[in-house]
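Listed features, source Swiss-Prot:
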DOMAIN    186-221  domain 'EF-hand 1'
DOMAIN    294-329  domain 'EF-hand 2'
BINDING   Asp307, Asp309, Ser311, Ser313, Glu318  Ca(2+) binding site
DOMAIN    369-404  domain 'EF-hand 3'
Amino acid sequence: MYSGSSDGESHDTSTQRKIPPASSMLWVRNLRRYIGSGAGLGSEALMELETKRILLEIFKEKQQKSQEAGTIPSFYKKKPEEGSISQRVQKLAKYRFLKKQSDLLLNADDLAAMWVCLRENCVIDDATGAEKMNYEDFCHIASVCTEQIGPKCRRFFSPSNFMKFEKDEAGRIAILPFYLYVMRTVSLTQARIDMSELDEDSDGFLHSDEMESYIGGLIPNLAQLRDMPPAFNQMYCRIASQKFFFFCDPHRRGRACIKKILLSNCLQELMELHQESEEEVTDTEQAENWFSLTSAQRICDMFLALDKDMSGSLCKQELKEYADGTLTEIFIERVFDEHVRRGKIVAGNSREMDFDSFLDFVLALENKDTPEGLTYLFRCLDLQGRGFLTTADIHSLFRDVHQKWIEGGNYELCIEDVRDEIWDMVKPSDPLKITLGDLLGCKQGGTVASMLIDVRGFWAHDNRENLLQEEEEPPEEESQ
């Protein structure tokens with residue numbers, strides 16, 4: 001009995017050993033080959049199979065490239081063709097992403113509610129009267145704001161954000177700087193979303209027409225621009241846009257990086273126009289703000305006054321009348337050589353300066369102390385195009401200033417003394433030449449440039465002590 005059972009088990013075992021594995025069977029191999037080829041499958045199954053194959057090939061190709069390239073980034077990314085599926089998918093993905101980011105932003109009501117929460121849950125500093133909060137208050141306010149506003153405000157109440165602000169002896173921070181930080185973050189994020197929506201090719205850069213569209217969309221929300229005549233809108237957007245490109249597109253490629261725009265002072269200057277009442281802003285401040293309506297109209301009127309023949313562009317003779325004719329002739333010549341676009345010839349005459357080039361010209365003269373303005377002017381001062389100025393260049397440049405100075409009835413000057421004074425002001429690293437880096441490093445580059453191109457600029461430098469006294473006198477008279 002036991003032996004019979006044992007024989008049966010041994011018989012079954014021997015039978016199992018004789019059965020070949022499924023993978024070695026001919027019909028299994030044929031079936032796998034048949035399925036792998038895709039023959040007999042429906043159209044949907046074939047499409048899915050083909051999609052998997054393509055994705056696998058793309059993955060293997062990228063994996064191989066990344067292994068070969070190591071840490072070297074790719075410098076060129078081919079943009080999808082116009083109207084292609086890739087472009088449509090990219091636009092849809094960008095739209096959904098920007099919509100999601102926009103939904104996460106705090107709106108005006110949310111910001112107002114946050115300010116109320118901050119004020120209701122802070123403590124008053126006995127010494128200064130400032131409203132402050134410690135970390136426990138900070139966490140409590142975070143909970144209250146989350147209940148009233150929602151989870152989208154939670155990211156502003158992180159420990160790292162609390163540590164960013166200056167603390168007093170008790171470890172408290174003022175609520176106003178924190179609230180201003182929240183407002184600025186929301187404002188910049190909203191600006192980035194708006195600019196990204198206008199960025200048609202999604203490369204992180206805006207072209208001039210896209211920048212003008214962005215500014216045009218802001219006009220209804222800027223208190224000081226609401227009364228702008230509709231006919232002036234397009235011209236205003238052009239004038240405002242040019243400042244962004246002057247400072248954010250130094251190589252004049254016709255496109256400005258969105259990140260640079262957001263970090264530039266230009267955007268902050270534009271946002272100053274949010275101030276409701278004009279009483280908060282003096283006439284001087286309005287004139288100094290490039291984006292104010294007063295400034296834009298001034299620049300437009302200036303160009304029209306210079307354009308005697310009403311051709312829409314300026315010749316050298318017309319530009320010489322700028323600033324009451326105080327700019328030197330050699331400087332005007334150099335401006336046309338370096339910054340007026342080639343091929344702009346009117347009625348067989350020499351090149352003429354269009355409105356965009358005129359805006360750059362004005363921006364450079366009004367922002368001489370900035371790296372961008374000084375770079376523009378240095379190209380004009382560099383008579384030989386060598387990247388530096390010699391004593392001979394200084395002599396040639398100042399000779400025209402000297403002539404206008406004498407014609408104005410001023411005392412006689414020694415050009416060599418002025419040249420030596422400029423050298424003392426700049427203190428160049430190489431005693432024989434002045435570079436752009438030297439002018440930027442000495443912090444007086446704008447003054448030096450004014451002395452060499454504008455007789456009024458030299459007069460201001462020569463009378464700087466008297467001008468300082470005049471600025472200090474009015475407060476003394478008022479106090480008396």
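Each Cβ is built from the backbone N, Cα and C atoms, and glycine gets one as well.
Locations of recorded Swiss-Prot features on the structure.
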| residue | record | CB count, 10 Å |
| --- | --- | --- |
| Asp307 | Ca(2+) binding site | 19 |
| Asp309 | Ca(2+) binding site | 12 |
| Ser311 | Ca(2+) binding site | 13 |
| Ser313 | Ca(2+) binding site | 18 |
| Glu318 | Ca(2+) binding site | 19 |
The domain 'EF-hand 1' (186-221) - residue tally per DSSP class, helix then strand then coil: 27 helix, 3 strand, 6 coil
For Glu318 (Ca(2+) binding site), the three-state class that DSSP assigns: helix
Conformational class of Ser313 (Ca(2+) binding site) under the three-state DSSP mapping: coil
Local confidence of the prediction over the domain 'EF-hand 1' (186-221), expressed as mean pLDDT: 93
Secondary structure tally of the domain 'EF-hand 3' (369-404) (DSSP, helix then strand then coil): 25 helix, 2 strand, 9 coil
